[in-house]
Each structure stands twice: as C-alpha cells, then as structure tokens.
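Peer 1: Questions regarding the structure given below will be posed in turn.
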Amino acid sequence: MSTTTPVPTRKPPTAQDEAPVFSVSGLWKVFGPKPERVPADPELGALDAAELRARTGCTAAVRDVSFDVRKGEVFVVMGLSGSGKSTLVRCLTRLIEPTAGTIAIDGEDVRAMDRTRLRELRRHRAAMVFQHFGLLPHRTVLDNVAYGLEIQGVGKAERRERAAEIVAKVGLEGMEHRRPGQLSGGQRQRVGLARALAVDPEVLLFDEPFSALDPLIRRDMQDEVARLHEEEGRTMVFITHDLSEALKLGDRIALMRDGQVVQLGTPEEIVGSPADDYVREFVRDVPREQVLTARTAMRPASLGESAEGPALTPDATVSEAIEAVARTGSPARVMDHGKCLGVVDHEQLLGVVAGVPVAPAAGPRATPEAV
Amino acid sequence: MATLTVPALRTRTPAVLRNRAVGKLLLLALITAVLLPLLHGRTWPHHLTVSLTQPLTSASNWIIDNRDTHPLFLYFFGYISNAVVLAVRAVYVALLALGWPGVTALGALVAWRVAGPRLAAGTAVAFLACGALGMWEPTMQTLALMVAAVLASVLVGTALGLAGGLSPRLDRALRPVLDTMQVLPAFAYLLPVVLVFGIGVPAAVLATVVYAAPPMARLTALGLRGADPEVLEAVESLGATRRQRLLTARIPLARKELLLGLNQTIMMALSMAVIASVIGAGGLGDRVYQALSTVDVGQALAAGIPIVLLAVVLDRVTGAAGADGAKGPRTIGWPYALAVTAAAALAARLLGVLDWPNGWSVQIAAPVNRAVDWMTGHLYSGVPVIGGTADWAAHFTTWVLDPIRDGLQWLPWWSLLLIVAALAWVIGTWRTALTAVLAMAAIGVLGVWEPSLDTLSQVLAAVAVTLVLGFATGIAAARSDRVERALRPVLDVFQTMPQFVYLIPVVALFGVGRAPAVAAAVVYALPAVIRITTQGLRQVDPAALESARSLGATGRQQLWQVQLPLARRALLLAVNQGVVLVLAVVIIGGLVGGGSLGYNVAFGLAQGDLATGLVAGAAIVCLGLMLDRVTQPTERRPGKGA
Ligand SMILES: Nc1ncnc2c1ncn2[C@@H]1O[C@H](COP(=O)(O)OP(=O)(O)OP(=O)(O)O)[C@@H](O)[C@H]1O
Ligand SMILES: [Mg+2]
C-alpha cells in the first residue's frame, strides 16, 4: 500500500518499484517475406496495413509495442479481431518468433534464450490458456491436467495427485475420468485452466479464453479467474476483445489497434480519458459511473466542506457516490485514512455520467505510456 | 468417349467458365490445324515407336544370369528375398502349430477384443467355413503371406507417412507419387518385382507391399497434418520436446486415420495377395487361378468363398477398431485371449486334430459344376424371347465392344491425342492435360497402340455401363431412404471383395471372352460409383434445395436444376473412381479371355517373356495415368484470386 502511487486503481495498488515480470519494448512481429526490413526501415514502419501489404507483401501484426507487466497484476490486452493480440501474447513465450524488439521475463532476455532455456520457461514460468481449449481428446480430464507435469517428467503417481488437487480447485470433482468430448464448453475451459495451473507457473497467459462460451458461463468463468487471482495473486496476462471483461478483470488495460497499443492505463483512465477518438468510440457505451471512481470525479474541498457530509473511499464508484449524494442531498467527502482528499457534488457526478471531460483531479495522472 | 463428358456438359457452368472451356478448345484446334500437315496415318506411326524388346530382354537375361552371382543380388536383393521367405515361413509354421482350433480361437478372440462378440462369432464361423470348404491349408498360406506383407506395408507406410506428415517438403514430393500409385492397376506392379526377384513368394510379398503401403503412408501423413493446430500449440506452450509432441499428441490425434490406413492396407494386401498368385503367391488365389484357367467354376468358387469371407471379416474387424464406439467396456483382456488360444492349440495337439479333419470337408465343387453345366446347357443360349447369357455376351461383343474398338482404331492417332487433351483440359488444368497427352503418346511410343486401344475400348464400354447403372441407382438411393438402407449392406460387402473373385461368377455366367471381363469390371466398379453419387447428392446444401422447393420446383426440376449441378464435383469423382476401378479389373480380365494388355502381362509371366510383359505393364501404367488425368476435376482454384 504505497501512498506514493500516482495511478488510482480499484484494487490494492501493486508495488511498482518491484521489477516487472514481463518487460516488453519495441516489439515487432511482421508476417511475410523478409520481415526484418519492416521494423528496420522507419519509412516502411510508418505505412498503414494496406500500404505495407501492397509495398512488401507483409502484415505487421504487432508494431513497436512496449509495456511492463507488473508482479501480481492482471494485465489485459484488448482490441478488435485482427488487432494482433494473439500474436502479441504468443511472442511472450516465443510460440511465435518476434521480428524485432526485446522481451524480458524477470530481467532475463527471452529472445536470447536457447531451446533448453525456452523450454524451461514454458514448462515452469508461463502457462497459457487457449480460446478453443487445446485439450487432448484422447486423454481423460485428469491426464489432460497432468499433461504439463508429464512433459516435465514428473512421475505418474505424483502428477496425478497434483492434478487431482487442481481439478478440485477449478470445480471439476467427479469428472476426472471423463474425456474432453464429454464435457461442456465451460467445463472444458476449466480443464484448460487447470492444466495451466497444474505446472504452478509464475505467469498465466490467457488468449481470449472465454469468447467461445455463452454469456452466463462466461460470467462464471470470469468470476472464477477473479477468485483465483484474489486467492493466489498470480500474475496474469489476459487477452480479450470484450470490453466489459477487460474492465471487470483488468488492473491495467492495453488497447490495441492494427498492431499498435493506442492506450495503456487503468480501466478508469481508459474510460475516463480516452486517448483518441478510436478509444472514445470503443468505450462510448460503457456505463461510466460504474467504472470511474470518486477519486477521479472529486474536486478540491472548499473550506468547511471537509468536515461534514457523507464519507466515501477514493475507490468508491461514481454510482455509489451518486447514491450517497442523492440520499443526503449534500456533497460527499472522499476520505482516505481519515484525510479528506476532496468532495463530489451533483455537478461532478452529473458531469461524469454525461461524459463531459473530467478536469484532472488533484495530483498528476500520467499514463504510463507518456512516462 | 461421349459418355465421359456427360456430367461436365450437364452442369450449368457460369458463362465465364464456359467461355474459358471454349477458348481452350479453340486453342487446341488451332494447334492441330498448324500441325496437321505433319500428321498422317491412322495407327501410331512406326517411326515414332521405340522398340524396347531388345534391351528389356537382354536386361532380363542379365538379371537371370547374375541373380546368383552378382553382389547386388547376393548382398541386397538376396537378403531381402531371404528375409521375406523366412518371415512368411515363420508365420505359416506358427499358424500350422496353432492348428485350426487355435487359429479360429485366436481370430475370434482378437475380433472380440477389438470389435465385440458379434464379430467374434462371425470370425469364428468364417474360419470354420474355410475349413469346411476344404481350403484350410491355402487359407493359412494366404494368411501367412498377408501377415508378412501387411507388417512390412505398415512399417514402410508409416515411415513414409511420418516423413510426409512432419516435413512439408517431403510431403510435396511424396504426394503425387502416392496418388498416382493409388490409381494404377495391381497388374502393373507384378512384372518389375518378378524381373528382380523371379517368380515366387518374395516377389508376391514385395508386390503386395508396394501395392498396399501407399494408403498407409497417405493416411498417416493426412492424420499428422490434420491435427488441430491449437492442440499442438498448447502442447508446445507447455514446453514439450519434439519427441514428446509426436508421441503424446500428434500420433494419438491421428489415431483414426492410422486405423483407417491399417484397414485399407489390409484390404489392398488381401486383394494383391490373391492376384499375386500369378507370380507364385500360392494359397487361395492360386487355387482360383488354376481353377479358372481350366474353367472349373466349382473349384474356383470353393477357393473364392474363403477369400470373400476373409475380406469381410478383416474389413469389419479393423473397421470396428477404428470406429469411435470401440471405447465401450472391454470384455476380455489380451492375457486371457492368449491363454485360451494356447489351450485350444494344445487340446488340438493332444487330440491329434491339428489339421482340418478330412471327413469334415464339404465338397462343393462337384455340385457347383453340375449346376454350371446345367446352366451352360439351358441358360447360355436359346432361351426363348430373352436369349441366353452367352448370347448376350456375344451380342455385347458384336454390337458394343467391336464397334468401339474399331472406331478407336479407325480414328487417326493424333485425333485421339487431341480428344484426350481436350477432355483433360476442359475438366482439369493444363497440367493434367499435358500428363494425359504424354501418357497416351508414351503408349504409342512403346509400340502397343493397337492392344491398348482394345483395352481402352473395353474400359470405355464398361465405364459407360457402370455410369448409367451407377448414376441411376445413386439417384434413386439419394432420393429414397428405403432404397439406400436396402443397398447399404450389399455395397458394404461388394466394396470389400478383392478384384480377383469377381471373375468367378462372370465366367460361370458368360464363359470366357471380352464381355465377361467387362461384366466383372462393371460389377466391381459399380458400388463405389453408386456410393459416391448418393453421398454427393445427399450433401447438396439443404438451403439451396429448400429455396428451390419454396419456388415450387418439382422433384424432377430439383434434381436436374439444383442437385445434379451442385453435386458436380462428386459426380466427376464418381467418374474418376469408376474409370480407375474398371481399368484394374479389365486388365485382370486378361486372365479370362479379355485379351490385349492384361493378356500380354499374363502371357509374359507364363512364358518367361518378361519383355512383352514389361512393355504391357508400362502401357497399363500410361493408360491408368491417362484415364485418371482425363477425369480428374480441378483440385483447387487458388492462385490469382486468393
Ligand atoms: N501466421 C500468420 N501469417 C500471416 N499473417 C498472420 C498470421 N497470423 C496472424 N496474422 C495476421 O496478423 C494479424 C493479427 O492477427 P492476430 O491473430 O494476432 O489477431 P487477434 O487480435 O488475435 O484477432 P482475433 O481476435 O480474431 O483472435 C491479422 O491481420 C492476421 O491476419
Ligand atoms: Mg486471437
């Protein structure tokens, strides 16, 4: 709980002084003939997708992307279909070989790893959950979950025992001996999740894990992931094209378009101050009062205001603030550890709901991109 | 020839396509017009032939002379040959040691284990029937040869398939070869192996391996390539090594294709093991061959029935192993099965009934021959109004086969090349057209233009009959579930029978000659054509049919305007399959008086005149290649658009 954090977050802020788990900078992935020339040549790199394709026959799926994934956070990468999300996440463990840029995991250069090191990375440090599950149809649930351990050479009895624990943890008790074909989509993805968890990885990578599921099951699974994250605090990189999913799960969100990250920030920043029209259009239908917090909406308290009125935490959502203000009829105070940070009244709250750009609250609020 | 184009013309090709076809034809016409002054004569010009008899004879003589001395034979082919003989002998001795009770028990228990009790009973009955027909020993000979050949085919096929499945480059190199091997008649494989190994068991086994390994290779590669990429990616994301990925993911994921490959390999091996009787395979095929050469239908049938039983049992059991239902409760374990087998064999040994007891055999040859004699007397000719079967055969020969053959031989050779080019180009691509023309020209160069046209005439007649019957039946089956249900078991059995046994009933019915060969070919090719037609018509997009129906189309309109045009690909495939299958049997028909190329091969083998046989074999390959390419629909049309 560092008080120095300038970025407001809904959840307990993660320590930023700790080294990031993944550190990506200047990452490119270009598909096509002689892909290296595209990142190397600034002129080519500046072309848009259609021009690049016409000029070189290449597709730049990821262009010059940089970000850090901090320990313990859920880092969401969001974007429309074809924006390069899957490619990006596969580059992290080199399931797809990046064209240019650097990737480091815990400070270790991933691109410099030899085959053995890389295998070690995939076996122990980063495990992935796939959109269409990627389960082995000829194995039982238990053996699918134990598969990662089998690859590592763990003995049969031990791996089965560990797999059974994980199966119970994801709520699949009693189905250990079924085959994937006998499970529903949601259950299959639980198996996929369990398989990734079984190897006890440092980071979990999710590639649109729930988009093949129907809405109710999807919500269940999101809750499941949120619960796991709360219990274990495991670092997660989560790919999705669903904005509400991103807002629900993400500590920070990178919004991608045509291979580039157009904005990177907390859900609140993305919704509250979109970086450009594209992002604005993207978040237009989001119920802003449920994402933005009192901390963003507040204005400095004038004399006397800091003493009375209902109290809110800085992380209370605007809709909670509206409720408090409507009930009492007076401005509400935003209190943090007994200190009054500011107040919210009708004007601010209505401004948030109406989408009038919010004036920056107290304190600097820089997007990490701009840092 | 006209029959081949029917499906292509009937379809309502879009205007652009039709124009393209017209353009191709015009171009061909132009080329011919330019070349016309150079082309003359009817039959293939003599100065364009290359006589291979001399070099082939000397090569074959050299091989015969050096077979026992040259290091190549001593240290390479000799070892192969010895290994094959040893393997077949070992299996045969093992089968004899088990005795008929042991073999029957083993067969039934294996069937039980992989396919359930019903097929187990069927297997036992089939084995007992083989014994009861007095054919136990030849059945075991055929089985021993097959076991050795199937094992080798599976090894070779899987190795090639793994190579093709794992390396795209090898796949690109292998696939056309395997595809082509698949369309060649079995007879074409006989002579080259005989040339190297001489007539005998090694040659028979190796010919069988060459014939039966391609399906295993193709399906293995197909299965490995068809694996769900996301599963493979998931496996890789967990840090699997290449070996782990292959053993724990790719091969298990390809299980279905592997088992289907095994099934096809076994069926092809049986088919070839029987045909290879003409190069010394022995066993059941030899009995049929000997009986047919003396027109002893009774004996041929007594040996043919075990072949059919073996085929059906092997197909059902291996097919059931590949089906998904095989995951039901296992009734018996392997140790139990082996123990019972051993007990049965031991008991038989103690009781002294290892060999099938003589008294238990039923002699069906004599009664069958009496029946055939009666038929010859009463049905062959002179039956009032409808005539007799021999009359039909004679009429078919005079009114259909002779005119087609004479017509083909009357056509100038270059016009035949032109027709081949036009057909192949309109249906396929310029590549297929080029291959077809070159193959056809090669026949001329080999100097067997006339006999090849004779064979071709039989093929065309048989294909015409097959397509008329096949399309009619296929359409009926596609439009009525009842017809389809009634047909299915018949087709299932007919599709599993080896080519060779089709000769037995036609000889009984029509005697020997070209017409019986054509009849056997029709019966052999019909099931596949019916099946493909039915499936093609049934798979027509229901939405298209629905919309036609909503516009008030009658059943006939739906068929002609929607179903048939939309099923164009399937119909072309049916034509292609029909042609390939017909050719295979027309060639074998050389053994029952079909003459021409098939006869040349058989003659070459029988007389030790390998040169004649080899040239005929090469012509068969060319004919098969030409016929396949002429009827091969364009595979994909990527390239410019995509
Ligand atoms: N193997 C490949 N070869 C060529 N182009 C590719 C390849 N893989 C991806 N692309 C291209 O890269 C771009 C990004 O693809 P990617 O799969 O990363 O998108 P995505 O954001 O995951 O989309 P979706 O939401 O549909 O999964 C697309 O334009 C795609 O066509
Ligand atoms: Mg994707």
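The backbone N, Cα and C atoms fix where each Cβ goes, and this holds for glycine too.
Caution: TrEMBL annotation is automatic and unverified by curators.
As annotated in TrEMBL:
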TRANSMEM  B:72-88  transmembrane segment
TRANSMEM  B:93-112  transmembrane segment
TRANSMEM  B:118-136  transmembrane segment
DOMAIN    B:139-318  domain 'ABC transmembrane type-1'
TRANSMEM  B:143-166  transmembrane segment
TRANSMEM  B:186-213  transmembrane segment
TRANSMEM  B:265-285  transmembrane segment
TRANSMEM  B:297-314  transmembrane segment
TRANSMEM  B:334-352  transmembrane segment
TRANSMEM  B:410-427  transmembrane segment
TRANSMEM  B:432-449  transmembrane segment
DOMAIN    B:452-631  domain 'ABC transmembrane type-1'
TRANSMEM  B:570-590  transmembrane segment
TRANSMEM  B:610-627  transmembrane segment
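Just tell me what is around each of these and how deep it sits.
Peer 2: Sequence-distant contacts of the transmembrane segment (B:93-112) (same chain, at least 6 residues past either end, Cβ-Cβ under 8 Å): 119-124, 126-128, 131, 136, 140, 143-144, 313, 317, 331-332, 336-337, 340-342, 344-345, 347-349, 353-356.
A Cβ distance under 8 Å defines the sequence-distant neighbours of the transmembrane segment (B:118-136), meaning residues of its chain 6+ beyond its ends; these are 100, 103-105, 107-112, 284, 287, 302-303, 305-306, 309-310, 312-313, 316-317, 320, 355-356, 360-364.
With a cut-off of 8 Å between Cβ atoms, the residues of this chain six or more beyond the transmembrane segment (B:265-285) that come close are 135, 138-139, 141-143, 145-146, 149-150, 153-154, 157, 186-187, 189-190, 193-194, 199-201, 203-205, 207-208, 211-213, 215-216, 303-304, 306-307, 310-311, 314-315, 318, 496, 498-501, 588, 591, 602, 605.
Non-local neighbours of the transmembrane segment (B:297-314) in the same chain are 107, 111, 119, 122-123, 126, 129-130, 133-135, 138-139, 142-143, 266-267, 270, 274, 284-285, 287-288, 290-291, 364-369, 372, 493, 496-498, 500-501, 503-504, 507-508; each lies 6+ residues outside the stretch with a CB under 8 Å from one of its CB atoms.
Residues 52-53, 56-57, 60, 180, 183-185, 187-188, 190-192, 194-195, 420, 435-436, 439-440, 442-443, 446-448, 451-452, 455-456, 459, 579-580, 583, 587, 597-598, 600-604 of the same chain lie 6+ residues outside the transmembrane segment (B:610-627) yet bring a C-beta within less than 8 angstroms of a C-beta in it.
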Peer 1: Please give the sequence-distant neighbours of the transmembrane segment (B:570-590): residues at least 6 beyond its ends with Cβ less than 8 Å from one of its Cβ atoms.
Peer 2: 4, 7-8, 183, 185-188, 275, 427, 455, 458-459, 462-463, 466-467, 470-471, 474, 499-500, 502-503, 514, 516-518, 520-522, 524-525, 528-529, 532-533, 535-537, 539, 564, 596-602, 620, 623-624, 627-628, 630-633
